[in-house]
Structure formats: C-alpha cells, structure tokens
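> Residues or ranges marked as region 'Disordered' by TrEMBL: 1-20. According to TrEMBL, the domain 'Cytochrome b5 heme-binding' annotation covers 18-95. The transmembrane segment annotation in TrEMBL covers 124-143, 265-283, 303-326.
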Amino acid sequence: MGGGRRHPEAAPSGSRDSSVYTWEEVQRHRSRNDQWIVIERKVYNVTEWIKRHPGGYRVITHYAGEDATDAFVAFHPDPGFVRKFLKPLLIGELAPLEPSQDHQKNAMVVQDFRALREQVEKKGLFRADATFFCLHLGHILLLEMLSLLVLWTWGTGWIPSLMCAVVLSTSQAQAGWLQHDFGHLSVFKTSYWNHLLHKFVVGHIKGASACWWNHLHFQHHAKPNIFGKDPDVNTQHVFVVGNTQPVEYGIKKIKYLPYNHQHQYFFLIGPPLIIPVIFNLQIVRTMLSQRLWVDLAWWTSFYMRFFYCYVPFYGVWGSVLLLTCIRFLESHWFVWVTQMNHIPMNIDHEAHQDWLTMQLSATCNVEQSPFNDWFSGHLNFQIEHHLFPTMPRHNYQRAAPMVRALCEKHGIPYQVKSLWCAFADIVGSLRKSGGLWLDAYLHK
C-alpha cells in the first residue's frame, strides 16, 4: 500500500519495527477512534494516549494525520522528557521518498523557522527571570492588600467602594496574565512547579480552574482562528467572524441574531458577560462534570478568602455585588486585550499551513511600551507568544526582530498596530463580517 512495508491498520500501538508509511496512509488515521501523528518523521499511534494527555485530548486530535513536530516542540519545554511517553506509541516512520512536511507545506519556511528556534534557544530566551515574576506576583498581592486598606481607612461609601473595585479588578486582570505564564510552563524549568503555581494563581487568586483553562487555551494555540479547532472562535451563533463564516451563514439563511448589527450588540454581550457569566458557568460545569476535585478545592479557597475579607465590610449580598462589579470590570479588560490580536485577523477553516504561516495569519502585535506591556501582560507581542508559547514573556521583545526578519524573508505579513487601532479593528472586523452576512443573506 503506497510505501507501507506493513499494512497500516495492522500496526499495533507500541510496535517498534521498521514499518514505513506514506503521507497518504498516515492521513487515513484521523478519525475519532483511530489517530496517528508524525513527529520528526516518526509515526505514532496516539489513539489510546490522547485520553491520558495532560493537555487534553483535543489538542492532539487537531493534528491527527498531520506532522505535529513544531506543535510538539512548541508546547513542551523539555521534549526529551516527553519522548519517553512517545516510545511505546511508535509504529514506524515516513518512507524515505516522502517529504518531511504534509499538505505541500513550504519546506524552506519550516526549515528556517526551526533554525530560528534554535537561535533563540542559544540566546537564552527561554530562560525566565525569577525577579520579574516575583515582582509581578508581589504587585498583585499588594493590590489585594491595598483594596482592604482603602476600606479600613475610608469606609464603604460609594467612592471607597469604587476604588476598591477598580483596584481588585486590576489585581484580577494582572493575575490573569500571571496564571497564563504558569499555564504555559514558561516560569520554572520543571513542569511540576509551573503546574502547582498555576493552580494557586488561577484557583486561589482568581477563582477559576487550571484544567478548564489548559484544555481550552492549548487548542487555541495549536490551531488559532480555525473553525472547529479553536474554541475561541466558537461563538455559539452569537457572532459571525472572518470572511468565510458570514457568507456561509448568509447563503444558508441562518439568522440567530441580526448579525449586521453585531458590532453594536458586541458592547452589550461581549465584554460585559464573558467572565461574569460565560466563563463562570463553564468553569463550574467543567469541574463538576469532569470531577476536577483539586481544581474545585482551589476554586473554593478563593471564595472563602474573598468572603472572609469582605463580608465584615459589606455583608454577604454586598460582597456578592462587589465581586460581580469586579468581574464586570475585569471582563472588559480581558476581552479587549485578548481579541485585539485575533478577531481582526484571518479566521477560516483548516488550511494545513506550516506553523509560522498559520500563527502569523491568525495573530498580530501591538506597539511596545511599558504601559502596553503591563496592560496586556506582554500579549502585545502575540506573534512571538504564539510562535514560542513556553518563552518567558519578558523576552518577547528580544525575539521580535528575529521573527520579523524571517517573515520579511518569506513574504509573510508581520503586523504591528497601535493599541487604539487594535481596539478599533475589533469593532471594524465585526462590522465587516456582519455586512458580508447581510449581503449573502439577501442576495445569494
């Protein structure tokens, strides 16, 4: 069969013979119950392993039948350690005449990107600065204490309460960026400490679930802005995004909402509701349905601490109202920052692009400044973050010139915007997508 020295369906998981396969054979194994991937030309049967994968099964499923080399390297700070789990899954390798890349990916782009990764590794850009992260955690804890100091000093009037809510919203937003660092394993050399601190920050400081975040966010990084694979563009029919989906909805006469007005109702149901309503419901449902008892314990500790601190000032219902205001303010911060790099970019179905091209088509940067770095948790360097998700964020600025040079070499657009332009582009892209939907709905 097309270069396979063993019939591919007969190759059991864990066999270590010298079977060779063509890309055509590998690509047949991408169904729910039969999944192969290729890493560095080695073919692995991951059908059973995906159920135990710490990052969730979907992130591997999205690469079934494909070359997953760059994604594998990007997500694992210690690939050598992870390879011991791959050994029992090895079933063969690509035939000698088969290219290393699938789906006609540009071999030169792939080769140059991997050379770039080696270059940034040699420059030490994957080494974290402990002082940076200690100071960041310290300023979050200081904000938490400052909110209590405001109430102790000036009481619970409207102005002190508003100050308290703003301070705590700032603390929560900054804790969100910090848990993002730990979740990407970019702080400590060992995964254990990253996971432990991730659970502490996201669970105890923020009141969320580490597993819920991991399983959603890693999919986003693996296949950004790709329908059916990136959960961040699964808008549940509330919005239509990109240039393809609006036309598809219009032709099929799908109208759950008046999408030609989505750039207006975005302000009512986007930033205000994502964290207070949507995320909170998802978190509780995920922890209970998947029996994430450790995450539930951390989540519970947040609410115990919050109410212990603020019930003496506001009572139970007053504390609930305060927390709702904090979530409301934080949600605006979160949505504008996280969507400014993605919603205006290309959003489409799977195109099987190489890692560099795929990430650059789905992300853009926002101008560097001390404020932008702090305000966005260095996600103003979204391109570098997506290319190297385990890189400590304080090193993005040093990696950016090298990434830009590689993009210029291969003619790949490298976009940098001002903060306000990036915000405006969110609304503009929603307006454009809504217009495409209306035109298709009325005329096609």
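Note that Cβ sites are derived from N, Cα and C of the backbone, with glycine treated the same way.
Predicted automatically and left uncurated, TrEMBL annotations should be read as such.
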> Which residues, given as numbers and ranges, are at least 6 beyond the ends of the transmembrane segment (265-283) yet have a Cβ under 8 Å from it?
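Counting only partners 6 or more residues beyond its ends, the transmembrane segment (265-283) has Cβ contacts under 8 Å with 208-209, 212, 238-239, 257, 299, 324, 327-328, 330-332, 334-336, 426-427, 430.
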> Determine how many residues of the domain 'Cytochrome b5 heme-binding' (18-95) DSSP places in helix, in strand and in coil.
31 helix, 20 strand, 27 coil
> Which whole number is the mean pLDDT over the domain 'Cytochrome b5 heme-binding' (18-95)?
92
